[in-house]
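Data block below; observations after.
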Amino acid sequence: MLNVFGVSASMPDDSRSQKMGLLGAISYIVGNIVGSGIFITPTSIIENVNSVGLSLAIWILAAFISMLGSFCYVELGTSIRLSGGDFAYLCFMKWYPVAFAFMCIGCTINYPATLAVQAQTFAEYVFRGAGVELDETSEFWAKKLLGFSLIILLMFMNFFSLKTFVQRFSILASLAKIAATLLIIITGFYYLIFKHWKQNLEEPFKGSNWNPGPFVNALFAGLFSYDGWDILNFGAEEIENPKRTMPLSIIIGMTCIGVIYVAVNVAYSIVLSPTEMIASNAVAIDFANKTLGAAAFVVPVMVAILLIGSLNSTMFSASRYLQAVSRQGHIPSAISGIAPNCDSPRVALLVHILIAIAVSFLGDPDKLINYVAFAQWSQRAFTMSALLYLRIRGRPRHPDRIQLPIIMPILFFLVCTSMVVISIIDDFKSSAVGLGILLGGLIIFIIFVWDRALPSSHTFRNATHVINEESTKFMQIIFNVVPERVGDEEMKNAIGGAESESEKVPAYKISPTGNGQFKCTRM
């Protein structure tokens, strides 16, 4: 039977000399956030708000919301020392039905849709950069196949954890990210200062659309580009003097990112009119074609490289999330399998890729971003309610925590809730996908996981146990992996309790018999 288990709370206790200082924490935040979003969402934002001025205001507002969220999640992460983010905190609160429902959204929408958006954008930049022109149907399938080919290639690379290659490529992707953003900013401001291209900035708020629905959709798109602001939440104990370093690094890091994003969008707006941006499928390419002449090919090449890096990062995070969910007993333990020779969650990788390929057919990148944003911010509203519950009721938390003025989590909770409610009222079709999966997750939990429903049946427990063990053995043979599971007692570590070792689900040793077959022995 699939049970609800606790999550791992292990964090390395590094020496002071190995810990991250202020500069390291700032670079960690900036490096994790600045990426593909700035080349994906500008068109969506200006399409929703219809003006340069309001689109820039959206970028600034998204930076402030992300900064506020980052502070709140730092308090949460230092109060409850669990890996696994929102899902782990909801489990800690014993809100298992809610945690399970949002886990379903995370596995089927959040990560897969993000991967699909990045793959589709990669294909768009490659096709536009290469000047390939096909009829509409052929172009649709050609772009899909190119995106799928890339993520399948990256999947096999992650199967064998080619760390040396991945690390080197990550450096290349980081350089491409820096070069592309600097090139766009410098070029745009060159045309403003020396060529006097000011026409698009003269009436920045002309024609602005202030309707709540489009405004929230634009804000969702902006926040998608700032995604990753909770990164320090996963490594509070890795930071030197966290009570000083973490707040300063958030303020400085998020301010730097906000300045970079606004500068890039000002550069776009100097060169391209709102009409041109709305009509663009690859805004950086149209920018380059209008300003760089024969050197315009450099931009799509750099964007394609950084998108590959972003795809690999998303795939890495998503597969570990799926594997962690399996370790906790929410989904079959076969998915928790880790390759013993390279620590790769191969089954989780494959499952994630298959879901991402299916999700990519749900709509264009803008539609997928709305699905992701609604699901994410719904979950964050529940997570903030958990933090407020802990604060107001005075429940046990880790003694060495960072505690904010309570007005900050209250304000962030209101922001999350407001965006979700407005999205439901004004764009119910986009919200319906997330709401449907959320409701489906609750129904599945009540029927198949809740111990007063089917799991109370001895026959059901035996059947699910047999299916779980047989599927685990099958996946071990196919992928050469060993499944894992964590124990409930590890929850004690979350608030500074005693440590306990991870338990493992039944594992099997696979050995050849010499006649072309294999023997499976329970360990």
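Backbone N, Cα and C atoms are what each Cβ position is placed from, and that goes for glycine too.
Since this is a predicted model, take the numbers as computed values, not measurements.
Going by Swiss-Prot, these are the annotated features:
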CARBOHYD  Asn289  N-linked glycosylation site
CARBOHYD  Asn462  N-linked glycosylation site
TOPO_DOM  1-19  topological domain 'Cytoplasmic'
TOPO_DOM  41-51  topological domain 'Extracellular'
TOPO_DOM  73-86  topological domain 'Cytoplasmic'
TOPO_DOM  108-145  topological domain 'Extracellular'
TOPO_DOM  167-173  topological domain 'Cytoplasmic'
TOPO_DOM  195-214  topological domain 'Extracellular'
TOPO_DOM  236-249  topological domain 'Cytoplasmic'
TOPO_DOM  271-290  topological domain 'Extracellular'
TOPO_DOM  312-348  topological domain 'Cytoplasmic'
TOPO_DOM  370-404  topological domain 'Extracellular'
TOPO_DOM  426-429  topological domain 'Cytoplasmic'
TOPO_DOM  451-523  topological domain 'Extracellular'
TRANSMEM  20-40  transmembrane segment
TRANSMEM  52-72  transmembrane segment
TRANSMEM  87-107  transmembrane segment
TRANSMEM  146-166  transmembrane segment
TRANSMEM  174-194  transmembrane segment
TRANSMEM  215-235  transmembrane segment
TRANSMEM  250-270  transmembrane segment
TRANSMEM  291-311  transmembrane segment
TRANSMEM  349-369  transmembrane segment
TRANSMEM  405-425  transmembrane segment
TRANSMEM  430-450  transmembrane segment
Cα-Cα, Asn462 (N-linked glycosylation site) versus Asn289 (N-linked glycosylation site), nearest Å, comes out at 64
Of Asn289, Asn462, which of the glycosylation sites has the most Cβ neighbours inside 10 Å? Asn289
For the topological domain 'Cytoplasmic' (167-173), could you work out the same-chain residues 6 or more beyond its ends whose Cβ comes under 8 Å from its Cβ atoms? 305-306, 308-310, 312
Calculate the per-residue pLDDT averaged over the topological domain 'Extracellular' (108-145) and state the result as an integer. 91
Suppose I define contact as three or more CB-CB distances under 8 A, residues 6 or more apart in sequence; do the transmembrane segment (291-311) and the transmembrane segment (20-40) meet it? yes
Please give the sequence-distant neighbours of the topological domain 'Extracellular' (195-214): residues at least 6 beyond its ends with Cβ less than 8 Å from one of its Cβ atoms. 48-54, 56, 266, 269-274, 422-423, 425-427
Can you tell me which parts of the same chain pack against the topological domain 'Cytoplasmic' (426-429), counting only residues 6+ beyond its ends and a CB-CB cutoff under 8 A? 211-214, 216-217, 370
